[in-house]
């Protein structure tokens, strides 16, 4: 999972390095419209924090990269995580942000339901209090006549909150599937795997809410091995080639592989 892919040129760059998924930051204006693909300062060590595009322009380029037959098509790119920077919004704007985000995606990515981009989408929300963004998103797609597109949409609360609190937020949001649980910290700092293991245990329990667990931001071979040993489903990185190298090591290549479009990202993998 390629981290902080905010310029159109970076889509090709990260997929060519081995990423089958990218993460893109989405900033909002004061009226809760998705405005830019932009992270800003501070960001990960050894990365330029200020690359950006207008959100709708990025979506159009992403559509080309994920539409079979297009000259820019990458068969390998199957999942996009939108890191929604909702910290600039009031809590009562969350539903509006979801509606406006859905309409932008419908028009510019899904091409109004007519042979749009095929990648699966994860809406990653940093604040549990913004759970109404999910209902707003679903409501907009339904009112625009495309509720079937929700089959392509999953969810993540990215604030490293207590697993029980995250479960309650999903209950409030009415979400019962398509859940990716993230855990992590900037590559400038160290973070243990305790919460990852709790998320994995939730995923593997009979009554958990988690379908997939991913860990960020992992740039070193040893931390990649540690995350794989903990049982994660995905690893977000600034260096997709490092992850690909580790997956080819004898200890891992029989147990893990890069997911393809035929793999269901909402289905919990049972080994």
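Yeah, the Cβs are placed from backbone N, Cα and C, and that goes for glycine too.
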* To do: Check Swiss-Prot: it lists 23, 25 as binding Mg(2+). Then name which of 70, 83, 91 it lists for that same site.
  => 83
* To do: For residue 188 (disulfide bond) and residue 43 (disulfide bond), determine the Cα separation and express it in whole Å.
  => 9
* Closest to residue 43 (disulfide bond): which of the recorded positions 3, 23, 83, 248, going by Cα position? -> 3
* Structure fact -> Note on Mg(2+): the CB centroid of 23, 25, 83 has further same-chain residues inside 8 Å, namely 3, 4, 5, 6, 24, 26, 39, 81, 82, 84, 85, 124
* Structure fact -> Here the disulfide-bonded residues are 43, 49, 188; the one whose Cβ sees the most other Cβ atoms within 10 Å is 43
* Asked: Cα distance, residue 39 (active site, nucleophile) to residue 83 (Mg(2+) binding site), nearest Å?
  -> 9
* Structure fact -> residue 25 (Mg(2+) binding site) and residue 248 (N-linked glycosylation site), compared by Cα position, are separated in whole Å by 29
